[in-house]
Amino acid sequence: DSPLTFNVVILGVGFLFIFTAFTTCGNIEQTVVKTLENATFTGSGYHSLGIIYGVFSFANLIASTVVTVIGAKITMFLSGLLYSGYIAVFIIPTTWAFYLTSVLIGIGAALLWTAQGHFLVENSEVSTINRNTGMFWGLLQCSMLFGNLYIYFAWNGHTEISDGSRRTLFLALLVASVLGTLSFLVLRKVPHEEEMLSDEEGQSLLPTRTIKRLAATACPPCSPGLELSFYSGVYGTCIGATAQFGAAAKGLIGISGIVVGIGEIVGGGFFGLICKNNRFRRTSVVFLGMVVHFVAFYLIFLNIPDDAPVAFETNALTSPYLTPSVSIALLCSFLLGLGDSCFNTQLYSILGHVYAEQCSPAFAIFKFIQSIFAAVAFFYSGYLLLMWQLLLMVVLGFAGTLCFFVVERMQSLSLDLQEY
């Protein structure tokens, strides 16, 4: 188990560094783009993120084949280079490079996440899949803490972002991304043992049931896709556009990201590492995630101006139902992170069990669906008022939770049939 654990830890560390750079970039991208002094730059942060997730979704169709041909380790290394190229564009921004690297990182994201899912399952046994998922997810979400803490100290108290501070920030993020990419090179070859996850759990993958499960698992990734775009790009922009927060608004973008990361780590650690692997707890955790997100959405609706996502040139002009409160805004950040970790740890866990022998295609389909909805969300985020965005996430969150229960029930029936 020691080489397998080593690989999982290094995998998490690599993703920690890469997504310290990329998640931080996503949180501040629209804010940075709005304040660029380069008159020749006409890009949109929302459109860039929409392109990334749109390309991401369709690149998933070939990602499984690429991982199979060149291997997960090399795939993750090459993908990391694409991530680093995207970060580098913000040091000396040009419109064509901004959108070109948006396309390239979309391809890299599909390859990276498909390879990650394959590698995580390959390095897990039946008894360790939940532990490894929680360990990886906790390390990954530390990226929010580190990156957004840096944003806070760099921008706190500044109403405008200078070219010098922007270059310094993204140069540091580029270094982090390169370090994460290089860490993939030290991953060890996986030993083949009899009790690897695929031998025990793969027996349930009968063709007809697999098709039914694929249909049932199509809905659960939809809600995390919308919520991914919301907490990683939209919510921080909304906080930064809330005039009632004054000069602290830009610094609060970083603090919000930190608190989201804390919520992700708490959820990933508790539900991934502490909870034992059984179906009762999986459905309970997903239901808890839905409730937590619904509470967060309601508080955001009351606390943040309705036009905050669409205020491009100025701060939000409307007033929310409550006087905007920093403490409520940060509480919502924590709840967004906690709820997201509830969904993701359990989705990763069930995919690792149900599709143990077909992990690469399963994770590719999962990311395909999730990223389609994330792409759509980023494109409409700059045009749709906040209350309609929140309502859409509530509807799909409820539907996704129901579909997760259906998948769990189908898995339970499949295992019961095997016993007879």
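Placement of Cβ uses the backbone N, Cα and C atoms for every residue, glycine included.
Copied over from TrEMBL, here are the features:
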type: TRANSMEM; residues: 6-25; note: transmembrane segment
type: TRANSMEM; residues: 46-63; note: transmembrane segment
type: TRANSMEM; residues: 69-89; note: transmembrane segment
type: TRANSMEM; residues: 96-115; note: transmembrane segment
type: TRANSMEM; residues: 135-155; note: transmembrane segment
type: TRANSMEM; residues: 167-187; note: transmembrane segment
type: TRANSMEM; residues: 252-273; note: transmembrane segment
type: TRANSMEM; residues: 285-301; note: transmembrane segment
type: TRANSMEM; residues: 321-338; note: transmembrane segment
type: TRANSMEM; residues: 359-380; note: transmembrane segment
type: TRANSMEM; residues: 386-407; note: transmembrane segment
Selection from 6-25, 69-89, 96-115, 252-273, 321-338, the stretch that has most Cβ pairs under 8 A to the transmembrane segment (135-155): 252-273
Contact yes or no, the transmembrane segment (6-25) and the transmembrane segment (167-187), 3+ Cβ pairs under 8 Å, gap 6+: yes
Close approaches to the transmembrane segment (69-89) from elsewhere in its chain (Cβ under 8 angstroms; 6 or more beyond its ends): 14, 18, 21-22, 25, 97-98, 101-102, 104-105, 107-109, 111-112, 114-116, 118-119, 122, 170, 173-174, 177-178, 180-182, 184-185, 187
